[in-house]
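As recorded in Swiss-Prot:
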type	residues	note
ACT_SITE	51	active site, proton donor
BINDING	107	substrate binding site
BINDING	187-241	NADP(+) binding site
């Protein structure tokens, strides 16, 4: 079996291409989920202030036998904290029981309140101080990203966006790539695979490779060069989602999955919502 792949970010730091998402997991659930994930081989954990489970993540990491330098921990600056990124980060670090973050992401641009450029400047300062190794954003459209770059000269290393076979965001993914911004997929299985796992091409590929539909979709993300963070608290599914290193999809198969794109957004529109 091939080793899990690592992505090099434009700031020179590296991160695992596949991680564990913990959205909607309780503090108790997340402890067991991370224990299982680390046992299986995950080294990247993606949480957020808004998930209200940073304390559980911190307890799980404290109890882990994996060295801190082997882990890649991400959390996110919530909308209400865009004018106080330093305080918000310090609160997150305390809950996570960490001295630094590997990746700090701004959760939404929230253009209606228009604080995201100032928040980004604050995050740049936190990176310079060494409190965070890398900084990025979530749910930013091209015009939001361009404004960050124009006004600060510092591009995000990551843009984490809703991305799955029904919502492939090819234009944004390509723009990110042109600007050396790594695209990361949230809701990569389209919220449990509804409308995806029953697609003929997904079922046929699952049969061909002896894999589950979820594994086919995760492999599609990986083979498209995306960082992917499927969420689960179910031990068997956590293991299943990581067992994707012994096969690859070919160009034609990727092309067939590309045809599933409907522009079907399951989450909020970044221009209309604050999450």
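Positions of Cβ are set from backbone N, Cα and C atoms, glycine also.
What you are looking at is a predicted structure, and each value in this text was computed from that prediction instead of being measured.
Neighbour density for residue 229 (NADP(+) binding site): within 10 A of its CB lie 26 other CB atoms from the protein chains shown. Spacing of residue 236 (NADP(+) binding site) relative to residue 51 (active site, proton donor) is 22 Å (Cα to Cα, whole number). Taking all protein chains in view, 23 other C-beta atoms sit within 10 angstroms of the C-beta of the residue listed as 'active site, proton donor'. If you count neighbouring Cβ atoms within 10 Å for each of the binding-site residues 187, 236, the highest count belongs to 187. Cα of residue 194 (NADP(+) binding site) to Cα of residue 107 (substrate binding site): a distance of 25 Å. DSSP assigns residue 201 (NADP(+) binding site) to a helical segment in the three-state reduction. According to its DSSP assignment, residue 208 (NADP(+) binding site) is helical. Taking the Cβ of residue 201 (NADP(+) binding site) as reference, residues of its chain lying under 8 Å away and at least six apart in sequence are, in sequence order, 253, 256, 257, 259, 260. On the backbone, the CA of residue 215 (NADP(+) binding site) and the CA of residue 51 (active site, proton donor) stand 25 Å apart. All protein chains considered, the CB of residue 107 (substrate binding site) has 22 other CB atoms within 10 Å.
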